[in-house]
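Peer 1: According to Swiss-Prot, the record shows the following:
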DOMAIN    2-145  domain 'SPX'
TRANSMEM  247-267  transmembrane segment
TRANSMEM  278-298  transmembrane segment
TRANSMEM  315-335  transmembrane segment
TRANSMEM  337-356  transmembrane segment
TRANSMEM  375-395  transmembrane segment
TRANSMEM  411-431  transmembrane segment
REGION    439-459  region 'Disordered'
TRANSMEM  513-533  transmembrane segment
TRANSMEM  544-564  transmembrane segment
TRANSMEM  576-596  transmembrane segment
TRANSMEM  604-624  transmembrane segment
TRANSMEM  670-690  transmembrane segment
Amino acid sequence: MVAFGKYLQRKQIEEWSGYYINYKLMKKKVKQYAEQIQGGSQHPRHVLKDFSRMLDTQIETTVLFMLEQQGLLSGRLAKLRESHDAILEQPDISRIFELREAYRDVGRDLLQLLKFVELNAIGLRKILKKFDKRFGYRFADYYVKTRANHPYSQLQQVFKHVGVGAVVGAISRNLHELQENEGSFYSIYDQPVLPAQDPVVEAINNAVDKLTFSTNFLNFLAQHALIMQDDLVTPSEDTIDERSYHFNSLLLNLGNTFLYMVNTYIIVPTADDYSMSLGAAATVCGVVIGSMAVAQVFSSVYFSAWSNKSYFKPLVFSSIALFIGNLMYALAYDANSIALLLLGRVCCGLGSARAVNRRYISDCVPLRIRMQASAGFVSASALGMACGPALAGLLQIKFKFYKFTFNQSTLPGWVMAVAWLFYLVWLCISFREPLRDTEDGEKNNRNETTSDRVESSRVEEGLRLPLLITSGIKPEDEEECDESEESPEDSHKPANSFIEAYRLLTPSVKVQLLIYFMLKYSMEILLSESSVITSYYFSWTTSSVAIFLACLGLTVLPINILVGSYISNMFEDRQILLTSEIIVFLGILFSFNLFVPYTVPQYVISGLIMFVAAEVLEGVNLSLLSRVMSSRLSKGTYNGGLLSTEAGTLARVVADATITLGGYLGRGHLLNATLLPSLVICIGSIVATCCTYNSLY
């Protein structure tokens, strides 16, 4: 908060200074309102109306100026079009160069306008959050309800922007035409290879994507990864040196993600048979599957902490732990030991390096391609989820070699052990440890000149100075600071413990984590008990279960394409969120076996509805979570990705425990006994969503 006032002054265009939101005034007003309410001199309702009116005026000033500038840019483009048509009739190479540069000048001015809108959008978000911190969502409920959803809302004009696409399209198309015309005057040896897209147009598109939180398929996938970044970071200010970025290392992290998801789901179709072959009940499959998740609850924390110092060593440890765990899982059959089986799965869970994979993308991949890397992380997870059961369906062979048995129960362990061994070799050969921040700093210090050091120290000193002067006379234009605000260092300081991270969770964040828990719980119930339920009601074989689970996994990417490319462009995220929750509720409700004999169509259709809706819900849920979560949770050990991972892993643990406990009621009652908690949690999440609906923006 404190840092943003100076950031706004530093980044704003001087000629446009009168059209930026008056962040300092609104911040002072918030403090003044708090004092008035505490003193009893002002009613909260009057405060809401007064501040809403002031914010409306600020937004109106910004929007009208934005539209005015767009009109000026459009007028310049219209005049350039006349010159363009004249050049097409009488080609002149010098005039083509001039016209291209004129179009680029318009593009640069449009880029400045987009940065203007972006600064105002960030300021609005921050002042809304500040008001929420002071008054507990009363203002957000009121303002968002009465402004954001209005058909003539100027608030949406700021966040969504209007008419920019037409200007960008005109600049891009005309530059492309001029490039083609220019090429006709040169031989192939004189004309250098032109880029696929003009750098100015590419910069504009990047600014548009950043401003609008573009909801295309790639970004929608990236939101699943919950790899957060600061609002104030731009590609030009990205601190990650692209020369130190290593593609093979990123590929190895994505490979780790893929193999771990395969490892998680490859045993699901055969876990009940394996349990019975060792003398346990079929429903013990819940413990077998869930033991990996139990270990992951703890491994996520130490892997996240370990990634503060190294990325290579945690990945090596992960590979070794998973290799040993899968060997133990495979050998449990010949040892006739359920304990060895469970210990093997626990060992696999201790090798869960998803926190490292997320952290590597967040900290070591340049901002320019971070969205693609995040989408790759989600795609690798989805592909692994589909490949696991499919691979289990292919391993329907049985033979014995020396003293070791190879069958449908043990082969998943043997195959994954070999896979992790090959991965470990590849890791040792190809992975390159990135430079840490301290190493980068030392390297930069050796290279920068004395004047650079002086200038850098001045900038850093200016950023560290408090905005409230504590001695002497305070200038009138100096920003005011109050006790509720964090210092610049604290506002970017990561949380150092789960308790500190929990204190940063607002009601909206807690509700989103509850929703994430609910959807992971429901999906785990559906997947983990599928082999037990289908064998009891329909006498399905392992191959049939594997095909069913693989088909469910294969729906992930198509559904994300549909939602990310189309549905999310037509509806708000919170509308999709609530609708998806209701559909999950209906899917759970239709899955119950109550009055009529249970049939395959009922099970498959209800399961498909529940799974697909949960996948849609996950993407939207994590998208909203990344927006409402504190920026202090974007980095460090106890980050937003770790919190969501822990919530999802805990849900899987509870779900698998529910399956095992439900088994004591008998296989005939297992279905309803496990669906009932899912139904209750789903209803609770819907109610919680309705209570915080107006704060989800």
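Including glycine, each Cβ sits where the backbone N, Cα and C put it.
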Peer 1: If contact means at least 3 Cβ pairs within less than 8 Å, sequence distance 6 or more, would you call the transmembrane segment (278-298) and the transmembrane segment (513-533) in contact?
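Peer 2: Answer yes, regions in contact.
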Peer 1: With Cβ distances under 8 Å as the criterion, find the stretch in 247-267, 315-335, 513-533, 576-596, 670-690 that has the most pairs with the transmembrane segment (411-431).
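Peer 2: So the stretch in question is 315-335.
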Peer 1: Let me spell it out: take the transmembrane segment (513-533), skip the flanking residues so only those 6+ beyond its ends count, and list any with a Cβ under 8 Å from a Cβ in it.
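Peer 2: That would be 265, 268-273, 282-283, 285-286, 289-290, 505, 540, 542, 545, 548-549, 552, 577, 581, 584, 588, 591, 603, 607, 610-611, 614, 617-618, 621-622, 625, 643-644, 647-648, 650-652, 654-656, 658-659, 663, 667, 670-671, 674-675, 677-678, 681-682, 684-685, 688-689.
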Peer 1: Taking 315-335, 576-596, 604-624 as candidates, which has the most Cβ pairs under 8 Å with the transmembrane segment (670-690)?
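Peer 2: Per the Cβ under 8 Å count, 576-596.
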Peer 1: Please give the sequence-distant neighbours of the transmembrane segment (315-335): residues at least 6 beyond its ends with Cβ less than 8 Å from one of its Cβ atoms.
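Peer 2: Residues packing against the transmembrane segment (315-335) from afar: 252-253, 256, 259-260, 263, 267, 274, 277-278, 303, 341, 343-353, 356, 403-405, 407, 409-414, 416-417, 420-421, 423-424, 427-428, 431.
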Peer 1: What else in the chain is close to the transmembrane segment (576-596), if you only count residues 6 or more beyond its ends and a Cβ gap under 8 Å?
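Peer 2: Sequence-distant neighbours of the transmembrane segment (576-596): 515, 518-519, 522, 526, 537, 563, 567-568, 602-603, 605-607, 609-611, 613-614, 616-617, 620-621, 624, 671-672, 675, 678-679, 682-683, 685-686, 689-690, 693, 696.
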